[in-house]
Amino acid sequence: MGLPDRWLHCPKTGTLINNLFFPFKTPLCKMYDNQIAERRYQFHPAEVFSHPHLHGKKIGLWIDLTNTDRYYFREEVTEHECIYHKMKMAGRGVSPTQEDTDNFIKLVQEFHKKYPDRVVGVHCTHGFNRTGFLIAAYLFQVEEYGLDAAIGEFAENRQKGIYKQDYIDDLFARYDPTEDDKILAPEKPDWEREMSIGMSTQIDNGRPSTSQQIPATNGNNNQNGNQLSGGGDNSKLFMDGLIRGVKVCEDEGKKSMLQAKIKNLCKYNKQGFPGLQPVSLSRGNINLLEQESYMVSWKADGMRYIIYINDGDVYAFDRDNEVFEIENLDFVTKNGAPLMETLVDTEVIIDKVEINGAMCDQPRMLIYDIMRFNSVNVMKEPFYKRFEIIKTEIIDMRTAAFKTGRLKHENQIMSVRRKDFYDLEATAKLFGPKFVQHVGHEIDGLIFQPKKTKYETGRCDKVLKWKPPSHNSVDFLLKVEKKCKEGMLPEWIGYLFVQNLSDPFGTMKATATLKKYHNKIIECTLLVDNQGRPKEWKFMRERTDKSLPNGLRTAENVVETMVNPVTETYLIE
């Protein structure tokens, strides 16, 4: 994720224009700081709001003209009680269109009428040509400047001003076509001529350059830097390749930006996957179900993904924080516009459905929680409200679009449903054969969700997951070693590691089958005798969706549920 081309030595800001406009180059978020050797060249959004050239005035409207979202987070603007408005414009020698200009003028007029003492901040990539064109157009049309005076006013307050002749020619062609004595653009500034070593040749077209990529820490893009990460195949597949049309994001710059984006949206300040993590239901915490109102749902045997939806783009983030790009999956609002800045928690499963007498695989996304909807943070809303938002604002809008023909089922890569939750009293019904047959996919447990709690990132001790004792498991990093004792045949041993513990958590015999999972994450269950005493660990499967084992605390809690299980009968009673 390189710096914008010719950005480093470009002047940061201009000065106030007509006591209304404040022009500047695009600021960059702190993710770029490690590419800027001298601190004086760093330029964050917060610096704009406190800039001395504002003379104490406050920016109330921030207009971003760049054609990408990778430079900073809009929350870095809105946290200053400032309106953020995105107007994507191509740049690179293309002047703002008449429609773009009219929209800009209308936006500024309405804002200035409502907040006459506030400043309008405007930036493109460098804050000169697109920015200058629109400000000059406003001064000409609204403030009744002469066109040459409007262009000159911008130049006086933003060093040399508009330095590309075609922008100036377009202004005259649009607003004063009869003028023969047109202004000539100044020479290109020195910073515009340079191409600094180590900079990317980013073209402001919304696609980050891949010439200066941030290397992944390992093939699974584990961001924890933990030496307990599983090795093996560097490539990852969405749903283990069972769903076509989904590809891993290979642009490391774009991937890093998206990972940072969802962490920012979730207000998550740790490394790795930002989603809520339930804890195992045990005899020690089952009393929570009596202390407040809970809802219950089934635990699908699928894969969990956080899904980020924005303006027609859909991205999936797995437990390793790997990023996948999903094509041909549409989410719309009531008026048919693409859903913006929306973040949901999901399980993706493969349903078995009957079509024309034959059983077929149906990929399906089950949305069970939502953190952000159409740029609005809903994490602090109680669960029952978030649950309703999923239905009314996402599922119902898609259903309506299918009915009107705006969306077509055959163009969608998978089905999308809300995962249902029921009142706690319905728990027994979820064990019944009628419900299990109705679901269409394997169920491997239950989830208990408090009705009134907010969405919490990371471990949440109030959200409980239950599995049948036979399904309870721990995810380990397997290390297979050959042990030779004098006078005895060599023995292969599998050492089972968890996070936060340097010694093995357990061991198991390394069979020929198990050896191939050396240095990988495997799921194991603990076999116990009739007295509940541990016997041995049993291999269940490889966890291709994870690159780190469970933590010590999680492993200990799961073992407790195996030794002192919460059976189906105990749970219902």
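Backbone N, Cα and C atoms are what each Cβ position is placed from, and that goes for glycine too.
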Please identify which of Arg304, Arg364, Arg533 is recorded by TrEMBL as part of the GTP site containing Arg319, Asp345, Thr346, Glu347, Lys465, Trp466, Lys467, Arg541, Glu542, Arg543, Thr544, Asp545, Lys546. Arg304
What whole-number Å value do you get for the CA-CA distance of Arg543 (GTP binding site) and Lys299 (active site, N6-GMP-lysine intermediate)? 17
The domain 'Tyrosine specific protein phosphatases' (102-169) resolves under DSSP into 42 helix, 5 strand, 21 coil
Per the 10 Å Cα distance test against Lys299 (active site, N6-GMP-lysine intermediate), the recorded positions Cys124, Asp345, Glu347, Arg541, Asp545 reduce to Glu347
Among all protein chains shown, how many Cβ atoms are found within 10 Å of the Cβ of Glu347 (GTP binding site), not counting that one? 21
Cys124 (active site, phosphocysteine intermediate) and Arg541 (GTP binding site), Cα-Cα, nearest whole angstrom: 51
GTP site residues Arg304, Arg319, Asp345, Thr346, Glu347, Lys465, Trp466, Lys467, Arg541, Glu542, Arg543, Thr544, Asp545, Lys546: biggest Cα-Cα distance, Å? 24
